[in-house]
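Record features, source Swiss-Prot:
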- G12, P13, S14, G15, A16, G17, K18, G19, T20: ATP binding site (BINDING)
Amino acid sequence: MPQMAPVMTIDGPSGAGKGTLCQLLAEKLGWHLLDSGAIYRVLALAALHHDVELDSEAALVPLAANLDVQFQVDSEQVKVVLEGEDVSRTIRTEEVGNAASKIAAFPRVREALLRRQRAFRQTPGLIADGRDMGTVVFPDAEVKIFLDASAEERAQRRYKQLQDKGFDVNFERLLTEIRERDDRDRNRAVAPLKAAEDALVVDSTSMTIDEVLATVLAYAEQQLGDASAS
């Protein structure tokens with residue numbers, strides 16, 4: 001039986017720095033990238049493009065199973081490509097976000113997307129960014145990281161990010177939203193946000209991104225070496 005491509009899962013709460021870390025890892029290692037958080041938005045956009053009814057689970061399942069999506073890494077950003085078109089900005093619209101929330105409620109759609117996500121596991125390897133990558137999607141991943149940071153630090157990062165883009169934002173409101181989202185994510189019935197038992201927990205609160213990257217790469221080298229030796 002041929003050996004499967006290695007997977008590194010990066011899970012954690014919103015604002016912990018997963019996206020930046022995954023982009024750097026994919027660039028450094030030359031591995032494929034899966035942004036699971038974008039998958040439902042991409043499916044929603046595909047449904048809108050193809051006039052598929054958002055309340056028809058039966059119509060959405062085959063669309064999910066055959067979703068033509070790629071995540072392309074370059075030095076500036078991760079491009080989300082649907083059917084050959086860069087949709088990185090389009091999937092962030094409110095219309096697509098609302099549609100994504102609606103279709104995510106269908107169990108058979110979730111199951112189809114689970115299989116689609118697992119199909120990203122190709123040589124030379126996969127960096128999987130999400131919230132349940134190491135616990136649900138790739139429980140057999142060779143390297144599992146849970147990237148965390150205090151709610152205050154994550155709110156501060158988001159505050160600076162939005163300010164730099166010219167938005168007028170309230171820090172206390174951001175902090176409240178992050179705490180509420182954490183509570184929802186950690187206590188939901190299906191795939192709650194939690195570190196896999198065999199994950200390395202990295203608290204990035206007082207670390208630079210370079211320090212986080214170095215820590216993860218050193219751990220990955222150790223784990224992948226152990227996996228190839230066993």
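Placed from the backbone N, Cα and C atoms, the Cβ positions cover glycine too.
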Spatial neighbours, same chain, of T20 (ATP binding site) - Cβ under 8 Å, 6+ residues apart: I209
Three-class DSSP secondary structure - T20 (ATP binding site): helix
Residues flanking the ATP site, with Cβ no more than 8 Å from the Cβ centroid of G12, P13, S14, G15, A16, G17, K18, G19, T20 and excluding those residues themselves: L21, L147, A149, R154
Same chain, 6+ residues apart, C-beta under 8 Å of the C-beta of S14 (ATP binding site), given in sequence order: R154, I178, R181, D182, D185
